[in-house]
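The domain 'tRNA-binding' annotation in Swiss-Prot covers 39-148. Feature annotation from Swiss-Prot assigns domain 'B5' to 401-476. Look at Swiss-Prot and you will find 454, 460, 463, 464 tagged as Mg(2+) binding site. The feature domain 'FDX-ACB' is assigned by Swiss-Prot to 701-794, with sequence analysis given as support.
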C-alpha cells in the first residue's frame, strides 16, 4: 500500500522526521518498502493568473499570454499548451527558476515574440507523467505563492508491505492508529458526522445470503453533477497513493477506500429495476463488467442484483450496465460488509484482482460501514451537489464477526517476551490498541477491537504488547542453557539411520507433495476414499495422499521422461487416511516407501544387463528390517493388492500385524501411468518398526557345527518360508541355521509339486553332538514337515 506522508500526518503528527517515521512504521510491523518524493526538485515556480491569451502571429500552435504573478508588471510568456486560456490559474516558472533535470529558465524569443518564463505541466515538474497540458490550479489559488508550498509538494510517498493479518492497515486510518499508539498521541479523525437526509427517497434492499453479506447499507443521492471537477487536493491525494482520477463519483469512493479501508461502490440509480437484491449467482449467469469483460458466474459467487439481472460481482467488480457515466444524475451508494470466505478466490477465478477484493478477502472492519457511507455522502454532495436520502441498513447481527475476548496471563507474557513490562504499561498499551481491558489481579481480560481480526488468542496479545513496547527496548540477555545429557533408548531406531542405509545401497531420497492427483490416487487405491481439498493449488493437487507411492511413481515417470532409466528412490512422510475414530476424523501415519526401476546394475563391461526383479527390492527391504532386529518376526504373505502384480507381490506382517506391502506394479497400472518397464515398490508403516529389538548377548559355542541336507517334496502352494520356520521351531535347541539352497521342479517330481533342498546346521553350546542326536533331530524335522505340510523326502 502506498500513501502520502502529509495525509497520514493529518490523522496523527508525531514530531519526528520522515526517515524516523518510516523506521517507526517498520518497527511496528509494517515493513516500509520505499520512501519517495512526490515531485522533482525545482524552485522559482509560482501561482500565476492568465490575464490575456492570444494567438501567436507567427505560429498556429503557440499562444502569447500575459501572466500576473503578483509582481509590478505582467509577464509576456509564449505557451503551446492546448488548454491555455484567459482566466486560468497556472504554475509559472519565472526567469531564473530551475526545473527538474537542472533545466534553467531564461528570457528568450520564440518565433519573434519575447517569453519571460514558462507555463508548466505536471510532467515538467516531475509530479506525474501527465504532459497533455499545463497545470490548471483552482480559481482561488493565491497569485504569487510558491507552487511547491501551495500544492504541498514537500511531501513523500511511503509504500508499505501489509501482511495478510493486518487488513486494518489497508487504509490511512489503520496506519495512523499504529503510529498514534507508538507515539502515545491522539488520533485526529476528519469530520464524519451524519448527513441529515434532505429527501425521503430510498431503494428497497433485500439480502438473500446473510451469511455472505451480514451487513449492506444503501443510500440514494439525487441531482448530482458528474461533470463537476474533482478538487485538486483530492486528485493529488489519490495520485500520491497511485490512483488515477476518473470522475468525482469514482474519486470519492476511491478516496474513502484509501482513507478508511472500506470499499464502496456507486450504482446509477436510474438503471436499477425494482430494488437491490444481494444473492448468490445462478450457475452460468452472465455479467458484463465495467471494463467490458463478459464473465460467466458460478453458483458460489455473490452478486448485487436488481429484480431482473446481476449488477455487480459483490466486493470485486461493478457491472457495466449500472455503472456511473456522464449522463448519471442519481446514484445509489453502497457500503457493505462481505464475509471474507464468500469473496476469497472468486476474483482469481476470472483473472481479476481489485482493490476491493484485496481488502474484502482479508477482512474489513464490520463496524466501519456507517462511518464510510456518511463520509462519502458528505464529500459527494460537497463536490457534485445533490440531495441525500436516508441510509437503508440491512444487517443480520448474528452473522457479523464476534469480537474475541482473550485472557492474558502475566506468567505467559513474561515467559514469551523474556522481559518484565510493568502492569500499568501493559494495560495502557492494550487500551491504546483499542481493546476493552479488565484487570484481573495480575492478569488481563481484553476484548479485541472490531478492526483486528488477527487478535484471537493469548499469544496475539503478547505479540501486540511486545510490538508497541518496542522490540528494541527489550534488553539483550544471554541465553542460559543447562547442559543435561539426554537419555538414549537403546531400542530407538532413528529414521535417519534407515535413510543412511538406503543411501548406502544406492537409493536417493525423494520429497514429494502431500497433495496428489485424485485420478492417479484412485488407480492405486480404488476402494479408499481420500480427503479432497476445498481450495487446491491446482486440480492435479487436490487430494491428500493415502500412500507415498502416488508421488514416488509420478517421480519415476518424471525421471524416465528425462532419460533416467535406472532409478532407486525412497521417501518417508505422512499419509492421511479418513478415520472416524481418529482426532478430527483423520489418521496420520508415518510411512516409509521405496521404488526401483530399470536395470540391476549400472552399465559395465563385466556385468550383464539384468532387469530388476521382486527379490532385488525384497533384499533391500530385509536389510532395513534387519536393522530393527525384527526380521525373524516378519512374514511375507502372498495377498492380492489392486495396484500390484498378482503373482509378484506380498503383504508384510510383523508378529501377525499387517504393516505394509511389496511387489511389482500391476501391468495395467504400469500402462496407465506411462511407466517404462518393470517397477517394484514397497511401503511400510514406520511407527511399527521404530522400536528395534535389542540384541541379547549369548555364548558362542566352542564345539563343532554339523550340516545335514534334506530335500522335501511339497505342494506348489506351500511357501518355502513356512518350511524353514517349522524346521527352526522343531529344532529350537540344536538347529542354529536353516537355509533353502535349491528349488527343483521337473523329472521325478509330480506336477503341482516342488522339491526344496534345505541345509540344517546343528550345534550345541555345551558339548559335541553325537551322530545319533543329529539324526534324531533331522528326523523330527522331517516328521514335523510331513504332519503339517504333507511333505515327503525326495528319493
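The first residue you see is number 1, and the count goes up from there.
Just so you know, glycine gets a Cβ as well, placed from its N, Cα and C.
The Cβ of residue 460 (Mg(2+) binding site) lies under 8 Å from the Cβ of 406, 454, each of which sits 6+ residues away along the same chain.
In sequence order, 429, 430, 433, 455 are the residues near residue 464 (Mg(2+) binding site), counting only same-chain partners six or more apart with C-beta under 8 A. As a summary of secondary structure, the domain 'B5' (401-476) carries 33 helix, 14 strand, 29 coil according to DSSP. Ranked by how many other Cβ atoms sit within 10 Å of their Cβ, the binding-site residues 454, 463 place 463 at the bottom. Within 8 Å of the Cβ centroid of the Mg(2+) site, not counting the listed residues 454, 460, 463, 464, the chain contributes 165, 452, 455, 459, 461, 462, 467. Residue counts for the domain 'FDX-ACB' (701-794) under DSSP, helix first, then strand, then coil, are 30 helix, 32 strand, 32 coil. Mean model confidence of the domain 'B5' (401-476) amounts to 93 (pLDDT, 0 to 100 scale).
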